[in-house]
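A quick write-up on the structure given underneath.
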Amino acid sequence: MARTKQTARKSTGAKVPRKHIGSKQAHKQTPVSSSSGGVKKVHRFRPGTVALREIRKYQKSTDLLIRKLPFQRLVREIAQEFKTDLRFQSAAIGALQEASEAYLVGLFEDTNLCAIHAKRVTIMPKDIHLARRIRGERS
């Protein structure tokens, strides 16, 4: 199929009323060709735009990033290996979650710095290893 130039169309700004079709069967029988302009193209943002928006959103917020119940299940599962039938106060699990999220955010910040130092924008496992090694957590 040959390429053709598309001309800009002016928008009226008002919503066009839809044609009411009696049943789903009638809708399936009427083919809509893509060349007639009946099918609307799905809007997609450029790569990285949504990521930057999410970064700004999470930097503004102070709420917890991990959902509470999955974190609670993880804590109970890990504690089960040391002693069975342990009970936790909700404040204790909240404190564990605050501390672990603060640790992970700090680790990812250091990991990002390691990736930037290597002239990359993508973090890799070796960046995490280097960040932990510099911190003195792992030799």
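Just so it is clear, glycine is given a Cβ too, placed from its N, Cα and C backbone atoms.
The region 'Disordered' annotation in Swiss-Prot covers 1-43.
Taken from Swiss-Prot, the feature N6,N6,N6-trimethyllysine covers LYS5 (among others), and the record attributes it to experimental evidence. DSSP classifies LYS5 (N6,N6,N6-trimethyllysine) as coil under the three-state reduction.
The N6-acetyllysine annotation in Swiss-Prot covers LYS5 (among others) and is backed by similarity to another entry. All protein chains considered, the CB of LYS5 (N6,N6,N6-trimethyllysine) has 4 other CB atoms within 10 Å.
According to Swiss-Prot, the N6-methyllysine annotation covers LYS5 (among others), on the basis of experimental evidence.
Look at Swiss-Prot and you will find LYS5 (among others) tagged as N6,N6-dimethyllysine.
Taken from Swiss-Prot, the feature N6-methyllysine applies to LYS10 (among others), supported by similarity to another entry.
The feature compositional bias 'Basic residues' is assigned by Swiss-Prot to 16-27.
Swiss-Prot lists LYS19 (among others) with the feature N6-methyllysine.
Per Swiss-Prot, the feature N6,N6,N6-trimethyllysine maps to LYS28 (among others).
Positions annotated as N6-methyllysine by Swiss-Prot, on the basis of similarity to another entry: LYS28 (among others).
Taken from Swiss-Prot, the feature N6-acetyllysine applies to LYS28 (among others).
Swiss-Prot lists LYS40 (among others) with the feature N6,N6,N6-trimethyllysine, giving similarity to another entry as the kind of evidence. DSSP assigns LYS40 (N6,N6,N6-trimethyllysine) to coil in the three-state reduction, outside any helix or strand.
According to Swiss-Prot, the feature N6-acetyllysine maps to LYS60 (among others), an assignment based on similarity to another entry. Every protein chain shown contributes to the tally, and the Cβ of LYS60 (N6-acetyllysine) ends up with 7 other Cβ atoms within 10 Å.
Over all protein chains present, the Cβ of LYS83 (N6,N6-dimethyllysine) has 7 other Cβ atoms lying within 10 Å. Under the three-state DSSP scheme, LYS83 (N6,N6-dimethyllysine) falls in the coil class. The N6,N6-dimethyllysine annotation in Swiss-Prot covers LYS83 (among others) and rests on experimental evidence.
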Taking only the Cα atoms, work out how far LYS5 (N6,N6,N6-trimethyllysine) lies from LYS83 (N6,N6-dimethyllysine), in Å, as a whole number.
71
